[in-house]
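Written below as structure tokens is the structure these notes are about.
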Amino acid sequence: MGCGSPQSRWTKTRIANLGFQRALALGNPVKWESLALTSRRRPEDPIPMKKERGTVRCTAEGIERRILVPREPSAAALRIPERFKVVALMACVMCLCNADRVVMSVAVVPLADKLGWSSSFLGVVQSSFLWGYIFSSVIGGALVDKYGGKRVMAWGAALWSLATLLTPWAANHSTAALLAVRAFFGLAEGVALPSMSTILSRWFPGHERATAVGFSMAGFHLGNVMGLIVTPIMLSSIGIVAPFILFSSLGLLWLSSWVYKVTSDPKDSSFISKSELRSIQAGKIDPPTTTAEPPSIGLLFSKLPTWAIIFANVTNNWVSLLIVSETSHRLHYFVFRHDKRYNSSFQGYFVLLSWMPVYFKTVFNVNLKQAAWFSAVPWGTMAVSGYIAGAISDALIKAGYSITSVRKIMQSIGFIGPGVSLLCLNFAKSPEIAAVFMTAALSLSSFSQAGFLLNIQDIAPQCAGFLHGISNSVGTLAAIISTIGTGYFVQWLGSFQAFLSVTACLYFITTIFWNLFATGERVF
């Protein structure tokens, strides 16, 4: 047979093996040409066993065999970075911060009906929030610089939740008690923004900070949406007290997680990994020092970058509080009280948050329930666009653009975009088109979060809380003027459209000033 007998095949194999053994006995190298391996090990040498991560390497007679060993998932691979948990908690408290404001704006009409408030006193109640807010921003910012953002934010959330809980009781007790509780509520909420800005600047490297702020402010804007949706449902199904109890309870629940899981600085955290801490510290562009003295107020106001931030904040708050103006509340209250079709439904209370529904009602004669939805949509888009602005800002910094250029680009979009949208609003011929322009104005204005809001930490990391408080207080003062003066300005200018044009010009002027004097470099 061609294959040969079994015995002959065994004889050949035996001879081959003997030849192989003689070669080993003489110590000659045996070449494995098919494997391109060479072995010089003698028979008496022990067989080495090499253990590597994920494999076992066995070397026997010059042959290496790899046996795959399944890897167990490491804890580090599955662990959520601690800074992500911090920004998630921050977004939650900012959502509650704004939702607590909306609760009173929505519930104020049934309270007025129950207690017999006049429309003029309704305006006093709504403005009482600003009485405390305008002072606490500066005080809160200074406290943040001294004691850290964690502690100040915790006390602020606890106190404003308590004030929210006490509001219905105070309204039923006396007028003085209600105004005191609302002013105290504003006093407690004034620390939120300086605390947020300072904590995120400590917990995030420079190329991630804009995204973190955008995510947190998205929670802030979604607080409007949540308050608008939840409050009317609870008012109609349970009663006036229900939304106040709900949101104050959520604040205290958030507090239990914040106190035990967050620190003002990542290096003080017992939960953060060493690798994450190193990455945060490596990404700091110009970290604050603990030994340097903060600059004086005179020095702060002597620098043009400080004024660029203040003017930007004034312009931003002028328009933002114009949207949530007291004049519009009074106008809508008058329409609401005199239109009996809506007195039986709490859905109409949606529109108390802002003047947008008033605009649609008075200019386009839109049903108030439809106007409520027009009012709610922009806040949701504002949350999304603010996060997108932060992500774009960080991407530009990673791509090599200077911080100064990025801050100017973002702020220019945040002012020119709304200015153009307000001008276009004058030519809207239908409520749908007007809603598009209004949504565009609010959405594009959120790009300011990646402009002047972040620039505070850029120029003054050592006293960012205090500078934030100063600019926010001046901006709040402008908002109060806007709130009180909107009706007078419209009357003086002759039309609401003319007032929108003047507001757009204010946007453009502030944009020019910003691009001339703003900087992303450290000044103080």
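Each position is counted from 1, following the chain as shown.
Placed from the backbone N, Cα and C atoms, the Cβ positions cover glycine too.
Taken from TrEMBL, the feature domain 'Major facilitator superfamily (MFS) profile' covers 86-522.
Here TrEMBL flags 86-109 (among others) as transmembrane segment. Sequence-distant contacts of the transmembrane segment (86-109), counting only residues of its own chain at least 6 positions beyond either end whose CB sits under 8 Å from a CB of the stretch, comprise 122, 125-126, 129, 153, 157, 160-161, 164, 167, 182, 185, 189, 192, 196, 199-200, 203-204, 212, 215-224, 226-228, 230-232, 235, 240, 243-244, 247-248, 250-251, 254, 257-258, 261-262, 324, 329, 333, 336, 349-350, 352-353.
Annotated transmembrane segment per TrEMBL: 121-145 (among others), in sequence order.
The transmembrane segment annotation in TrEMBL covers 152-171 (among others).
Per TrEMBL, transmembrane segment is recorded for 183-204 (among others). Remote same-chain partners of the transmembrane segment (183-204), defined as residues 6 or more beyond its termini with a Cβ less than 8 Å from a stretch Cβ, comprise 83, 86-87, 90, 93-94, 97, 100-101, 128-137, 139-141, 143-145, 148-150, 152-153, 155-157, 159-160, 163-164, 167, 212-213, 216, 262, 264-266, 280, 283, 453, 456-457, 461, 464-466, 468-469, 472.
Summarising the annotation, TrEMBL assigns transmembrane segment to 225-255 (among others).
Taken from TrEMBL, the feature transmembrane segment applies to 376-397 (among others).
The transmembrane segment annotation in TrEMBL covers 434-454 (among others).
As annotated by TrEMBL, transmembrane segment applies to 466-490 (among others).
According to TrEMBL, the feature transmembrane segment maps to 496-517 (among others).
Under the criterion of 3 or more C-beta pairs below 8 Å, with sequence separation of 6 or more, the transmembrane segment (376-397) and the transmembrane segment (496-517) do not qualify as touching, having fewer than 3 such pairs.
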